[in-house]
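Read the structure below first, then the notes.
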Amino acid sequence: MYQSLGAHRLVYRARIAFCVKTGLIENAIQMFDEMTQSNCRVFSVDFNRLIGVLIRHSLFDFAHQYYTKMGPLGFSLSPFTYSRFISGLCQVKNFTLINELLHDMEKLNYVPDFWAFNIYLNLLFREGMIELALEVFERMVERGREPDVVTYTIIVDGLCKIKKYNTAIWFWRDMINKGLRPDNKACYALVVGLCGGGKVELAYELTIDVMKSGQVKFSTTIYNTLISGFCRAGRIDKARAIKSFMRRNGSEPDLVTYNVLLNYCCDELMLEEAEKLIKKMERSGIEPDVYSYNQLLKGFCKANRPDEAYLLMNKMGSKGLCDVVSYNTIIKAFCEGSDVRRAYKLFQEMRQKGIPPDLVTFTILAKALLRQGFSNIAKKLVDQMTEIGLSPDRIFYTTIMDHLCKSGKVDMAHTLFCDMIEQGISPDVTAYNALINGFCKAFRVSEALHLFEEMESRGYYPDEVTYKLIIGGLIAEKKLSVACRVWGQMMEKGLTLDRASSETLISASSREFAST
């Protein structure tokens, strides 16, 4: 009898295995149900096998159903199946069931394997559940699951991303103290994280021993991150030293390395050094790209050498390396040098060469044209933008409005303001302030007040600048009682007024009080 039941069970197992092998998972489930409902004795291993298959095919609801049937029969999953179940549930972020499984594992004195532990920890950090992640880490360590390098990498990366640098450093040192050797990924997480927070010296100090030991070959990205961090900190000496070291350590500088150094040299007007870097790149077989040349363009323009920049741009054009950034850089330089006509010619040239201008181009030109008094041409720029399918944004509108208001053309600015709203672009506080300033300077404070009220009704909160402009306009028109009322509103919101205006209003209030 027992022998025949055993043989019967073997037949079921064979059929279930065949169904799984041929991808007929529903048939396998049906076959398993038949086996449990027959006289065959079902073992824990049968449940583990089926649940393992269901997990592998991401059928987590079915897996949970059969898991709940195991307990009353006195069965449990093996530590391996538990770990695979938790790993799978991390894909669908089913935290409720993960916690249930972890709780059951704890009762059985099981611990998830490295794979499941790290996947779950990574998920918690990705979802911003930092405190829970650290609690899980502590609990697992207490229960004997020693962390590996991957575990520490996940923690260091997650903590750096939320700017908890001191805690990240503590875990890094804990890893080193436990005799674990950080790999390239661990070093990348620490260096990128700390450099992103401006802590390049600390990133260097914590990884220098690993770097010099030669036990871990750093990726070029790690070296580039350190070089970039030192350049941002103004430590070109350290940046150069790392570039030399990476070469000795068998990692050749790439295009990014040179571009980082070019950016620094051009910002600091070390133009001879920048030109040497370009030549060095070419000798090393690294072709400078459009970014490389744009850095040099930026340097020439910053050094007030726009003619040299223009010659360089022509050379770039012959190599097919000229883009909208190249033109914007030189157009801006000519505009800042008050050579607006030449800037406008460049604007026309770029269009002829098939390089479409962007919002930055139009904004640079509009500011310069308005500053030089060419308000009509600036207004036409809006039409040209529409022609090429480029919609003016809030910054563009506000820039033109601000210049129009400062040059006394407040009605034209108001028309633009209305156009902006009609185009579906909501004005912000800066846009309102520009127009309010224009109305106040034109002694049209009643219109400024109307805008002020409209601003509040639209849900925009006036800032300190708004109040100062309104109060200044009211004082200029000798509407001191209204100015005092607005000042009161300003103080209620915790905003302060400059000393001269405050004294004027206090004096006016005193006179008004004395006359009553």
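Positions of Cβ are set from backbone N, Cα and C atoms, glycine also.
Quick look at what TrEMBL annotates:
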REPEAT    78-112  repeat 'PPR'
REPEAT    113-147  repeat 'PPR'
REPEAT    148-182  repeat 'PPR'
REPEAT    219-253  repeat 'PPR'
REPEAT    254-288  repeat 'PPR'
REPEAT    289-319  repeat 'PPR'
REPEAT    323-357  repeat 'PPR'
REPEAT    358-392  repeat 'PPR'
REPEAT    393-427  repeat 'PPR'
REPEAT    428-462  repeat 'PPR'
REPEAT    463-497  repeat 'PPR'
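Residues 48, 51-52, 55-56, 58, 60, 63-64, 67, 119-120, 122-123, 127, 140, 143-145 of the same chain lie 6 or more positions beyond the ends of the repeat 'PPR' (78-112) yet place their CB under 8 Å from a CB of it. For the repeat 'PPR' (254-288), the DSSP counts in helix, strand and coil order read 26 helix, 0 strand, 9 coil. Long-range contacts of the repeat 'PPR' (289-319) within the same chain: residues 255, 258-259, 262-263, 265-267, 269, 271, 274-275, 278, 281, 325-327, 329-330, 332-334, 337, 339, 353, each at least 6 residues beyond the stretch ends and with a Cβ under 8 Å from a Cβ of the stretch. DSSP labels the residues of the repeat 'PPR' (289-319) in these numbers: 26 helix, 0 strand, 5 coil. Remote same-chain partners of the repeat 'PPR' (254-288), defined as residues 6 or more beyond its termini with a Cβ less than 8 Å from a stretch Cβ, comprise 220-221, 223-224, 227-228, 231, 236, 239-240, 243, 246, 295-296, 298-300, 302-303, 321.
Taken residue by residue, the repeat 'PPR' (148-182) breaks down under DSSP into 26 helix, 0 strand, 9 coil.
The average pLDDT for the repeat 'PPR' (78-112) in the predicted structure is 90.
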